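Q: First the structure, which I've put down as structure tokens, then a few questions once you've had a look.
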Amino acid sequence: MQGEDSFQIPAGTEGDSFPLMEINTGETEASEQWDYVLVADHRTQRNTRQAQQQQQFLEELKRKGFHYKMIEDHEKVFFGIRADSRVFDLYRTLLMEPEGPAARVQPTRPTPVPATTRIRIVNFVLNSKTAAGDTLEDLVKRGIFETRFALHKGEEDLKKKWAQWRNMVHTQPIDDIRDYFGEKVALYFAWLGWYTYMLVPAAVAGLIIFLSGFSLFNASQISKEICEAHDILLCPRGDHSRRYQQLSDTCTFAKLTHLFDNEGTVLFAIFMALWATVFLEIWKRQRARVVLHWDLYGWDEDQEEMALELINCPEYELRPYQHSYLRSTVILILSLLMICLMIGIAHLLVVYRVLAAAYFNSALLFREEQVTTAVVVTGALVHYVAILIMTKINKFVALKLCDFEKPRTFSERESKFTVKFFTLQFFAHFSSLVYIAFILGRINGHPGNSVRLAGLWKLEECHLSGCMMDLFLQMAIIMGLKQTLSNCAEYLGPWLSHKCRLMRSKLSPASRDPELRDLQRNYLLNPVNTFSLFDEFMEMMIQYGFTTIFVAAFPLAPLLALFSNLVEIRLDAIKMVRLQRRLVPRKAKDIGTWLQVLETIGVLAVIANGMVIAFTSEFIPRVVYKYHYGPCRQGARPAVDCLTGYINHSLSVFYTKDFQDSVQIEGSENVTECRYRDYRSAQDYSLSEQFWVLLAIRLVFLILFEHVALCIKLIAAWFVPDVPQSVKNKVLEEKYQALREKMRYGRLRPGWGGARPRPDPQQCHSCL
């Protein structure tokens, strides 16, 4: 960038309403005229070098067609920045269709430039490199300026119609949000509103599945057998349990497990796969309508960024697309190392659960039957804390990887950062759940020959009522904590910070200048950054993952997400309008890479839910017993429940004489055998024939489930067009009218000379 050259702008509209302003001219200007505000501490004015760097930066802005004014209070110096109207004339010229009829017709009156456009252009120029090679961010880091922000102005309507808790169930004013915060923020709230609306049928379906378990709370044959099994003793499950336990002691948990592990689970998982597809397909249609309404259907982001670069520097040279296999290889290796770290943290959580079980037992903090529940609950809390820590680390690593990759534009950088950060966050959030769903309790060996960690501590077992209870508790705790604590912190943090800043400001005398008071009011709001909106999107993507990926184990997830989103929409609105400085508007015609993230989550949800039903749930063993081993294998018997005897069939036998230290087990004198959850032979404790039959059927079911669910998704995606026909017809009509206008102004020149009379439509086959 040639910062020393003057900025040559073609002549614009005469009669510029904003006069050229020098510093300290003494002219009165309303603060609403400032596009942007820079803030510096008073001490910088006493530092000759810092004051000189400030002046150099401001003078360079002046050469680019900007005006500024310095306004002081007793602590801070505010620099109001406003762009000359000729800057926006150039912006219009660069983005105008070169052969369109508008190029020939000049408007009789200049159209006002939207505030979002003014702020976006000024922000781009301010954050570009100066002649000295510095950016505004560099100057802020060195203390030359303290901060910068766009002014909140005209937000009263949004405060009344949108940013209030009492408007929680009201329709969002998306057009007003777009006019104030720009298209990117408006599309976020449009998507979030549609996501919340679509959660209603998913929440109702999940609630029905959950409540249907209540109707069979006492009628389930399996629960009856467990509750009446007073003569069946379970083997000691770990080092914390050194006594035999009656199977009937697990009666309550068996009934609770049936609330979410019943025959409706499979249908609900398929329903959620269809729901995820329909949600995305209809959102694409909604987006198309909104973007057409905003006249952005044909908008090109690359063209926009090149126009902004040319406005900032006429000598700007185009940066071509580049790809380095070496950089990609390094980034891939580093990303895999970070993923391995996430998996390692999941293993550390496993170690914690094993050690916590041993500690809780030795310290006598809980009764023996409570140790497993305590380990699950505290493990979920530790997992939540680990997620908070790894989120900060993942963001730092993803940023460094993006910087190393050297993306061409800001939008490309944002897209690459989104993919990297979400990938790392996905493993941070879901690796522990994957362990609980598919590994916990499956590598432990059997009584008398247990697998031990470091040869000392026995690995953790699933809950007495099955691994689905562990997964349900983990999902409930993480989702509950993440929704409740995150929303509280997201609101209380900015609210308390803003109140503290206001209290400190009241210690100083108030200014009588309304313009200065407005600048001070905006300065006291909480700062925003590039990630302010990004973090909101990421929060919703993780929530969407919890809502869909393991929904078979936690059918109440859509209901919790619905309640959370109703709060989230108003919380974000209040935060953006009342507690934070104004976000820099950004132009957009879609939600970008986040759409691909949502589609990826949809596919992962099909795979994960299929695996949960096949390997974690008791659905497959129940169905196999019902039609292959149970009393109904020869046909239905009205007087007998087809699951009669299932509990005895699903528990393996272990002879207590094979315990290495049976004398240390309480009550072992009169016990010759105990039972445990597995399919093993009673002679040598090897895996039985039933185990291999079940494994084969589980795999067949998984393949069938995933293919059926994915086919349903593909059919739904084909059946619901991405773009409504009304939108396509509207765009087609606009193209047709543009061509007719070109013909009218003689721009479409045929191969023959002169004008040709219009043919009769009856003689023109193309008009038929």
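From the backbone N, Cα and C atoms, a Cβ is placed for every residue, glycine too.
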Q: Looking at 421-443, 467-489, which one is transmembrane segment according to TrEMBL?
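A: That would be 421-443, the stretch labelled transmembrane segment in TrEMBL.
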Q: For the record in TrEMBL, which of the ranges 265-283, 683-701 is the transmembrane segment one?
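A: Based on what TrEMBL states, transmembrane segment spans 265-283.
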Q: Answer yes if the transmembrane segment (541-571) and the transmembrane segment (329-351) have at least three CB pairs under 8 Å among residue pairs 6 or more apart in sequence, and no otherwise.
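A: Between the transmembrane segment (329-351) and the transmembrane segment (541-571), which are separate recorded stretches, there is no contact, as judged by 3 or more close Cβ pairs.
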Q: Which one, 185-211, 265-283, 371-390, 421-443, 591-615, has the most C-beta pairs under 8 Å toward the transmembrane segment (329-351)?
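A: Maximum Cβ contact count belongs to 421-443.
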Q: Do any residues, 6 or more residues outside the transmembrane segment (185-211), come within under 8 Å Cβ-to-Cβ of it, and if so which ones?
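A: Contacts of the transmembrane segment (185-211) (Cβ under 8 Å, skipping residues fewer than 6 from its ends): 171-172, 174-175, 177-178, 259-260, 262, 264-265, 267-268, 271-272, 275, 278-279, 282-283, 286-287, 290, 533, 536-537, 540, 544, 547, 551, 555-559, 561-562, 565-566, 568-569, 572-573, 576, 583, 585-586, 588, 590-591.
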